[in-house]
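Per TrEMBL, the features are as follows:
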{"type": "BINDING", "residues": "Ser31, Gly32, Gly33, Pro34, Asp35, Ser36", "note": "ATP binding site"}
{"type": "DOMAIN", "residues": "394-467", "note": "domain 'Lysidine-tRNA(Ile) synthetase C-terminal'"}
Amino acid sequence: MDAMDLVGRVERFIKEEKLLKPGDSVAVAVSGGPDSVALLHILFLLSPVWQWKLLVVHVNHRFRGEESDREADYVRSLSAQFGLPCEVGTIDVPEYIRLSGKNGQEAAREKRYAFLYEAARRNGAEAVALAHHADDQAETVLMRVLRGTGISGLTGIPTRRPLKKMELIRPLIRITKQELVQFCRDRGLSYCFDSSNAERKYTRNRLRLEVMPVLAGYNPRIVESLTRLAEVAGVEDDYLEGQAKEAFARLVTVETGEMHFSREDFTGLHLALQRRLIKLILNYLAGENGSLDFIRMELIRKAVLQNKTTTLTLDVSERLVMVREYDRIRLTERREPPGSFYYIVPEPEGDLFIPEAGISLRYKVLNDRESLPGRKEPSTGYAVFDLDALHGPLAVRSRREGDRMAIAGLKGSKKVKDIFIDEKVPPRLRSSMPLLVDAEDRILWLPGLKHSEYAQVTPGTTRYLVMERIPRKLDG
């Protein structure tokens, strides 16, 4: 194939994918190997027509001593031949590995992308062009299959992705390694050889050197087959991700540090969307998506779908828990339960804020029965007492083990714990529920739930204590 045919293919791909616009400034990542040398040369040949402004960027990781230094010198020389500006960053990755505890490839990648971005930003570039090619794509897909993956993993290396306020682009992702090496030969372009690519201690190298040749014996077009799989998976993954985001917007309520949804709504989703919705929520909450294996994801999904369970708590990760509260499912950051609290109710009127419960109790004294709230529409948001029958001072406190309440209209008393269960108060809220008690510690009122039999209004009542529950934040 003629070298200019390859240039034309890359140009058409850039147009189809809208990777670059006329007049763009582009930072080209050049390692000195045949892939990046070919990329630089192709973009250089196209730049007069597209009016691109090219910047060459090279990162010396100092992994291979003199070999790394020679590559940096070569890239400087190549840039000078093309008359292009060049930035070379020297990063002591081995030292960074020692300090951070990260593995070599992860550390090198982190530092490399950080320098590429900064160099591009300083020079006003809209994009950073990388030389990943079809063989890289095939190896990535195969590696993910061997480790275990879903459709998202089969998409492989993206053609483009955001890098803060610019984009990373890969114009060569459909071009094979062999084609790029041949292009360099045809154009008389020299390049460097990275000796670490022959080291079998890296999984990717072993796949490339040992597994891919075996697969090519079964299918000589194995690279093309795997890259096509990545493209097909990419389109379907994009569609399913869009459907998941629509379901998220429709079904999920977002609050600080947590998200929740209805179990009934969740069960109506297709299995594929159930899994994606969970992943999406976890990713939004804490970037947990990539660290959760399939087994853990299925454990979460099946816990949501269980028919018999009313409440449960499931550890998702070190940072997150899933809480099922009857029909409500919450994925939330771990929180310490509130401690015990005790507040005296000042006399005679005012507002008492209870921060643990996120509510205020507003209270006032009335002398006119006709002015009492809730006469026509009774509400658990109000409580009215015979002021003269109360044993003050009143107080608001948290629940205690063994608490019982004598409920108006019922014989005997009932455990507060059982009241919470009957009223379906979520377990996470029970420790913060306020109890209004008198001087003898008898429970007078569970705001929003139940009124006791003590100090009830009678025909002979002349002074009325009215208490109202005022929410200060959204309740569970």
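Any Cβ shown, glycine's included, is placed from N, Cα and C.
Any TrEMBL annotation is an automated prediction that lacks curation.
Structural mapping of features recorded in TrEMBL.
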residue: Ser31; record: ATP binding site; Cβ within 10 Å: 22
residue: Gly32; record: ATP binding site; Cβ within 10 Å: 24
residue: Gly33; record: ATP binding site; Cβ within 10 Å: 19
residue: Pro34; record: ATP binding site; Cβ within 10 Å: 22
residue: Asp35; record: ATP binding site; Cβ within 10 Å: 24
residue: Ser36; record: ATP binding site; Cβ within 10 Å: 25
Worksheet, complete the sentence: Taking every residue in the domain 'Lysidine-tRNA(Ile) synthetase C-terminal' (394-467), the average pLDDT works out to 85
Fill in: Any further residue of that chain within 8 Å (Cβ to the Cβ centroid of Ser31, Gly32, Gly33, Pro34, Asp35, Ser36) of the recorded ATP site
Val30, Val37, Ala38, Ala131, Tyr191, Cys192, Asp194
